[in-house]
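J.: Take this structure, written in structure tokens, and hold onto it; I'll ask about it next.
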Amino acid sequence: MSSDSSADGKFGEYGGQYVPEALMPAIEELRDAYERYVLENEDGFVDEFRQRLGQFGGRPTPLQHAEHLSARYDREVYLKREDLVHGGAHKLNNALGQVLLAKYMGKERIVAETGAGQHGTATAMAAAHLDMPCEIYMGETDIQRQRPNVFRMRINGADLNPVTAGRGTLKEAISETMRDWATNVDDTHYVVGSVVGPAPFPEMVREFQSVISEEVRKQAKEQFGTLPDSVVACAGGGSNTMGAFAEFVDSEARSASGRSSGRSPREDDEDVSLLAVEAGGSSLAVDEEEGVAPNSASLSTGGQGVLHGARTKVLQDEWGQIVESHSVSAGLDYAGVGPELAYLVDEDRVSAVNVGDDAALEAFHRLSQEEGIIPALESSHALAYVEKVLGPERSAATGAADADAEVDDEAAELLGDRIVINLSGRGDKDLETVIEETDKRDIPNAPDMSEFAGGL
């Protein structure tokens with residue numbers, strides 16, 4: 001099965017280039033540069049990118065055996081430690097690649113959007129590293145809940161533009177950044193932060209993030225002699241998801257076109273289950289009257305629509321209007337998903353699952369207390385799904401109905417005995433949100449946060 005985009009940027013029914021005519025020259029210029037420098041390594045671009053990713057970014061990241069989680073679930077659980085990348089998340093893999101590509105293209109200015117602030121931070125760091133002026137667009141709501149990353153972006157020299165439209169979250173930030181790019185296409189490159197947007201962005205971002213699964217394959221073979229039974233990753237837009245999955249959905253077509261590691265297709269790829277964990281928020285229902293989905297689970301509950309230049313799965317009302325999303329995690333609070341990920345779910349290569357806000361908060365505290373690692377709230381969703389399926393309290397939580405038990409057994413079998421969880425980022429940025437949300441909720445494994453209510 002090939003998931004590479006076609007010449008017009010399509011993944012089956014998804015993807016494409018739904019942009020104003022004025023942007024098409026910039027899109028074509030980017031497609032040409034992507035093919036020459038990234039896919040064909042013209043002027044040694046890939047060599048320089050990998051060298052900088054190692055020395056500046058701190059790659060490779062470890063594949064750590066999580067001893068206490070393994071004992072808890074009676075499975076072998078491994079954490080892919082993307083939280084140890086410079087900047088604290090997987091976002092630098094893509095940001096560094098795109099800022100470097102912009103320099104090769106002769107661009108003089110960088111713009112980017114950010115939700116949780118991790119992509120904005122990574123872009124600001126990469127721009128400072130490569131001596132490029134940088135402006136970041138961030139929703140006002142996200143600025144309030146991700147203040148540490150706001151400070152980091154500014155300290156790294158980036159200008160920050162608050163976005164007040166709509167709910168002031170990631171969707172609005174992307175829209176404003178695209179407007180800036182459309183106005184300044186001659187000298188500006190838009191560093192899209194996820195596998196979203198018009199082609200070639202989804203494919204290009206996946207290519208830069210594929211270093212994650214490339215390392216997982218190698219490290220798994222070295223550490224336990226075989227591939228994992230499953231890879232679990234949180235899914236908002238889907239950049240860490242596709243990065244963790246890319247080398248397990250490779251194909252003869254991708255290899256022949258040079259859009260992969262160049263290897264031949266491997267039969268054992270299909271034996272690795274791939275699970276994309278979405279933010280179930282507080283409910284999977286859509287409030288039609290308010291135009292709000294109290295979740296960010298577009299793969300699980302959305303329908304086809306066009307968002308930010310691509311056809312994909314989106315949260316929408318009965319009239320096809322995009323509705324506002326919700327998640328306790330700013331980085332997952334998005335009404336759509338990458339088109340390639342939507343395609344892979346339709347093709348049954350990726351399983352779309354979800355967990356709610358409370359479960360993610362529990363998982364945040366659990367990993368912090370049991371493994372000494374403070375995870376991002378985004379990553380906590382992936383951790384929470386494994387707890388939901390394999391945790392000691394799952395039988396009581398799901399009830400004794402035969403149908404529920406059968407579903408649980410199928411989910412547990414899908415995870416298998418060797419589970420890799422992509423720990424996409426660290427949770428320093430989320431501490432104020434966690435303190436506030438934990439104080440409001442009954443999170444059974446959380447320490448008493450009442451004395452910190454109102455912020456640090």
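The backbone N, Cα and C atoms fix where each Cβ goes, and this holds for glycine too.
Feature list, courtesy of TrEMBL:
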- 254-263: compositional bias 'Low complexity' (COMPBIAS)
- 57-386: domain 'Tryptophan synthase beta chain-like PALP' (DOMAIN)
- Lys91: N6-(pyridoxal phosphate)lysine (MOD_RES)
- 253-272: region 'Disordered' (REGION)
J.: Can you check which residues sit near the residue listed as 'N6-(pyridoxal phosphate)lysine', meaning Cβ under 8 Å from its Cβ, same chain, 6 or more apart in sequence, and list them in order?
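T.: In sequence order, Val85, Gln118, His119, Thr121, Ala122, Thr123, Gly193, Ser239, Gly425 meet the Cβ cut-off.
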J.: Looking only at the domain 'Tryptophan synthase beta chain-like PALP' (57-386), what is the model's average confidence as pLDDT?
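T.: Mean pLDDT for the domain 'Tryptophan synthase beta chain-like PALP' (57-386): 92.
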J.: Look up Lys91 (N6-(pyridoxal phosphate)lysine) in the DSSP assignment and report helix, strand or coil.
T.: helix
